[in-house]
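Presented below is the structure to which this report refers.
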Amino acid sequence: MAAHASSLPVMYSVVVAVYNSVVTLPELALRIDKVLKLDLGQTYELIFVNDGSINPETMPALEKLQVEYPEVKVVQLARNFGQHAATLCGIRYAQGQFIITIDDDLQHLPEELPQLLALQQYDVVFANFEEPQQPFLQRIGSKLKAWLDCRLFQKPTAVQFSSFRLISRPVADYLATCQVPYPYLPALILQATNSVAAVKVAHAPRPAGKSGYTLGKQLGIIGNMLINHSTVPLKSISLCGILIAGFSFMAMLFILLRKFFVQVNTTGWTSLIVTLLFIGGLLLLAVGIIGEYLSRTLAGVEKRPMYVVRKTAGFNHD
């Protein structure tokens, strides 16, 4: 059994969404403990959210840490719900005055935490990486997402969203009330506050394994951003419809003028078929996008949970 945690109020809640990691977890816990408790003398809790890991060694590793550290608490989800949902789950369990979110792969350095904590006057502080250690395709996805963040959410240009961040208690309380089927935390944060800052920190190379954040997953997140938090796809369809209707009207006018004034009949079945196929494809795309909006609206109406908790360990009610 772990020793009982301190009865003092918790200052910092560190939330870590875990997926299939094992090797990095003991060092992550050790370094967080050193920075917050030994170096800064602060009370903290470390909440690991096991996001449906398929690695059979992940949960035993977390349970071992929960025995070794009284500050460690574990939440196991029933399946993989995604990093944003898992992080939001951890935030709902957090008791600290401030919430820190950090990745499980040690690319986010716990030793950089004091830089984030120095800006506690802001509601949210994002760590911005001086030299991101990412594969080429992942960097492309990150740049596309950053561009959309600016366009969709009016993000300050000096701030780059990352999963290494400090969140104040009022914003965390707001996030805990959010009920959306596919959450995107930065968008929810900007709904709550515009008191946002960024600080430059180092980004370490990945010490072990491969990132689960593939280009495909990044594109999935971008899709969630567009569908869940904007009407850009619908407006784009409307704009395309207006442009095609205008082009079709001008083409029809041109053909009629040629027929009645120049006495030239327009032929060309190939161009006609291509045009019909193009318009048909556009209509199917429009129906698909509208269907995606409707399916997510249905998920919201049915109040489908963002995640399902299988079990917890280390909390007062356990």
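Just so you know, glycine gets a Cβ as well, placed from its N, Cα and C.
Feature annotations, courtesy of TrEMBL:
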TRANSMEM  12-30  transmembrane segment
DOMAIN    13-136  domain 'Glycosyltransferase 2-like'
TRANSMEM  237-257  transmembrane segment
TRANSMEM  269-294  transmembrane segment
Mind checking how the domain 'Glycosyltransferase 2-like' (13-136) divides into helix, strand and coil residues in DSSP? 47 helix, 30 strand, 47 coil
Give me the mean pLDDT over the domain 'Glycosyltransferase 2-like' (13-136), rounded to a whole number. 95
